[in-house]
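Chemist: Mind having a look at this structure? Questions to follow.
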Amino acid sequence: MPFTLATWNINSVRLREEIVLRLMREQAPDVLCLQECKSPVDKIPLEGFQALGYTHMVARGQKGYNGVAILSKIPMEDVSGYDYAELGHARHVAGKLANGVTIHNFYVPAGGDKPDRTINEKFGQKLDYLRDMQAGFLAEKPERAILVGDLNIAPREDDVWDHKKLLKVVSHTPIEVEALAAVQAAGDWVDVTRADIPEGKLYSWWSYRSPDWDTADKGRRLDHVWATPDIAGLASGSRVVRDVRGWEKPSDHAPVFATFDV
DNA sequence: ATGGTTGCCCAGCAA
C-alpha cells in the first residue's frame, strides 16, 4: 500500500493549528512530520487532527522552543529518541509504522549567525549534532527507514537562491555541507527529493524578513526527505507545496512531500 | 555593515 509523507517546519503548532488542519484536508498526507512545534507534548492540539484521521502521534516537546511530532493515519510505535550533542532539546522523534517503515523526524540546530564555533557556540552545537548523527548511523545502519526534517542546511548550489552570496552564510557553508554529506553517507541515505527532482532551483524556506518572499524568491532548501536504499526506489511524487508559504499567518517553511509504494 | 520579521511570552533570545 503506497503512503504519502510530508515534512513541515510549522513554527508553533498551537499558533498554526488551523493551517495544519488545512494541509491535512487539502493534501491529506498519511504521515505528517512537524518541527518547531514549540509546545509541550500534552499541549499539542490533537482533537482536530484526530477528527481528520490522524489518530496516531509520537512526539517530543518542550516549552517555547524546538519540538518534533509525527502525526499519522497509519498505526505507529514510538521507537526511540536521540539527544545528539546532549543539548537537552526536543529535536528528534522516531516512529515505526505498521507497514514496517521507520520514520526519523529531525530538527537540526539552526546554528546562529556566525559560521565560526570559536565565537558562536550555537554553530559548534550544530556541527556536534551532525557529528553525532553520523556516528549514530555508522553504529546502527538504518534499514527500511525514512529520515525527514528541517536539517537547516541547503547542500546544493541549486538549493539556494545565490550560491556565491551564501557561501559564508550559516546553512550553506562548506563545513556544514560536508558534515551533512557525512551524515548521509553514514546511513547510505538517498536524497529522495533530489532523486525525483534532479534539476533546477528548489527551496522550502523563505525568510520572514523578506517582505515580498514570492517575487524576491530568495529561498533555501532546508527541509529534506531521505530514505535508505532498500526503499528509496519505491519513492515518487516528490514536491514542495510552495503555496502553503503564502497561506494566512504562514510558517516560513513550506512542506515537502513524497510518496512511497511499500 | 546593518536591518529587515516572527514566536515565545513580556525581555530578550532564537530563528
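For all residues, glycine too, the Cβ spot is worked out from N, Cα and C.
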Chemist: Can you pick which of A:Asn9, A:Asn120 TrEMBL lists for the same Mg(2+) site as A:Glu36, A:Asp150, A:Asn152, A:Asp252, A:His253?
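Modeler: My reading of TrEMBL gives A:Asn9 as the candidate in that site.
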Chemist: Taking every protein chain shown into account, which of the recorded positions A:Asp150, A:Asp252 has the largest tally of Cβ atoms within 10 Å of its Cβ?
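Modeler: Its Cβ has the most other Cβ atoms within 10 Å: A:Asp150.
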Chemist: Could you name the residues, excluding A:Asn9, A:Glu36, A:Asp150, A:Asn152, A:Asp252, A:His253, of the same chain that surround the Mg(2+) site, i.e. Cβ within 8 Å of the Cβ centre of those residues, in sequence order?
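Modeler: In sequence order, the nearby non-listed residues are A:Asn11, A:Gln35, A:Tyr107, A:Trp205, A:Leu222, A:Asp223, A:Ser251.
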Chemist: Using only C-alpha positions, which one of A:Asn9, A:Tyr107, A:Asp150 is spatially nearest A:His253 (active site, proton acceptor)? These are the recorded positions in the record.
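Modeler: Result: the closest of the recorded positions to A:His253 (active site, proton acceptor) is A:Asn9.
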Chemist: Between A:Asp150 (active site, proton donor/acceptor) and A:Tyr107 (active site), how many Å separate their Cα atoms?
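Modeler: Cα to Cα, A:Asp150 (active site, proton donor/acceptor) and A:Tyr107 (active site) are separated by 5 Å.
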Chemist: If one looks at the chain holding A:Tyr107 (active site), which residues at least 6 apart in sequence have a CB under 8 angstroms from its CB?
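Modeler: In sequence order, A:Asn9, A:Gln35, A:Glu36, A:Asn66, A:Gly67, A:Val68, A:Ala90, A:Arg91, A:His92, A:Gly149, A:Asp150 meet the Cβ cut-off.
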Chemist: Sorted by position, what residues of the same chain at least six away from A:Asn152 (Mg(2+) binding site) have a C-beta under 8 A from it?
Modeler: A:Val108, A:Pro109, A:Ala110, A:Gly111, A:Lys126, A:Ser171, A:Leu222
